[in-house]
Amino acid sequence: MSQRSTKMGDTIAAIATASGAAGIGIIRLSGSLIKTIATGLGMTTLRPRYAHYTRFLDVQDEVIDDGLALWFPAPHSFTGEDVLELQGHGSPLLLRQLLTRCLDLGARQAHPGEFSERAFLNGKLDLIQAEAIADMIGAADLRAARAARRSLDGVFSRRCEALAQQLIRLRIHVEATIDFAEESLDTLDRAQIRTSLQTLNVELTQLLRDAEHGKRLCDGLYTVLVGPPNVGKSSLLNALIGSDRAIVTDVPGTTRDTLRESVHFHGLEFVLVDTAGLREEGDAIEREGMRRTLNELQRADLALVVLDACDPQIGSLALADALTSVPRVLWIHNKLDLLTEPPSALDTDVIPVSAMTGAGLETLKTRLRTLLLGETVETIEGEFSARLRHVQALQRTAAHVTDANAQFAYEHLELTAEELRLAYKALGEINGSMSPDELLGRIFSNFCIGK
């Protein structure tokens, strides 16, 4: 159990609504002292799952506030413990006073995410669902919110569990044959195991693609604008976000540092990164800017390579090399307005635009939307939210399944079984069944205090 959770017997309390004045404010409590605290606040009777109008009293029986109290007895609550919600006026002063009174009556201030952590530890949620709560709260658009809702409803969890069961059955089959190691595998057994490994690999590959898609929905597509100096990268960024955020001049090398802006196209989030132009020479400051550009490319989901439509030369060997590791590359020929003749037929991965006039920008936005959504999830109904750690765990799982396939080809049954065990362990990190305590601590510490 994590260090954060060694006091599971404590009763915790926190303000669950956003800071600032509002019409309603909520304090949430969870733990074994709920009835004692309710009595201390002046509530003599509470019926489960009923809204009780009451006055919340201080130690001198003075009224702190009035509002509604709702009691959810264990185990039928969000955390699996006794839960009490106090709904009063959204005055920060009154909420702090009411929270202090709850703490004086025996509760302690909850850590960030501790309510969700208790729900996880008490088996009310798996780790995917707990993270989906935070993803739903932080969603930047409706589609991402709906994807997080599906993860909270268990769409992602059920697919992981189905794969976990396949791994268990397959490992049992392989280990059963080890008991008869003196006999070679018969044709039927060999075919069954090989088919099961192939089926597992196909389904795992599809789940990995869908998880990558879910991560893009939640995080947005990290899109880095790169290219030679003075081709209009900053102008293009300004045109796409509809604001003069980046400095634009005719002097090559004006952009020395990276600039990040979140923007939504067709209801989907993109993180656009303007970078220093890349060329073979430059002063010390410009070279530092170019180094940062190459670093940004290492984390890019997509590179927009911006070139001058009048002279579309990349002009940098370092950029050409760096692009080989970027998952997606889209070529932009900017300054279309300066061409004296219409552009000749271009490759489908090249989009002619003019940051100055806006020509081609809608085509670019549509292409960006297509790149974010991809074709990995057949319907919107199948989308779910995912995080980087989920994708990485699935990648490790897939690598172990691939190794199991290779070991089985040589009839190394013990090694095949071991790779399947490691695959199951990696997959279990996703829903928390195999997650180390320090990972759980990091995940829940990033939640809101009242969640």
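Numbering starts at 1 and runs along the chain as it is shown here.
Cβ coordinates come from backbone N, Cα and C, glycine included.
Sequence annotations record features per position, and here Swiss-Prot assigns (6S)-5-formyl-5,6,7,8-tetrahydrofolate binding site to ARG28, GLU85, LYS124, LYS451 based on sequence analysis. Annotation source Swiss-Prot lists K(+) binding site at ASN230, THR249, VAL251, THR254. Marked as GTP binding site by Swiss-Prot on the basis of sequence analysis: 230-235, 249-255, 274-277. Annotation source Swiss-Prot lists Mg(2+) binding site at SER234, THR255, citing sequence analysis. Annotation comment: Swiss-Prot describes 220-373 as domain 'TrmE-type G'.
Using a 10 Å Cβ-Cβ cutoff, LYS124 ((6S)-5-formyl-5,6,7,8-tetrahydrofolate binding site) registers 18 neighbours. Taking the Cα of ASN230 (K(+) binding site) as the reference point, the closest of the binding-site residues ARG28, GLU85, LYS124, ALA276 is ALA276. Note on the binding-site residues ARG28, LYS233: the fewest other CB atoms within 10 A surround the CB of ARG28. Closest to SER234 (Mg(2+) binding site) by Cα-Cα distance, out of the binding-site residues ARG28, GLU85, LYS124, ALA276, is ALA276. In this structure, SER234 (Mg(2+) binding site) is part of a helix by DSSP. Here the binding-site residues are ASN230, SER234, and the one with the most other Cβ atoms within 10 Å of its Cβ is SER234. The Cβ of GLU85 ((6S)-5-formyl-5,6,7,8-tetrahydrofolate binding site) lies under 8 Å from the Cβ of ALA16, ILE26, ILE27, ARG28, LEU29, ALA69, LEU70, PHE72, each on the same chain and at least six residues away in sequence.
Per-residue pLDDT, averaged across the domain 'TrmE-type G' (220-373), gives 81. In the three-state DSSP scheme, GLU85 ((6S)-5-formyl-5,6,7,8-tetrahydrofolate binding site) falls into the strand class. In the three-state DSSP reading, ALA276 (GTP binding site) counts as coil.
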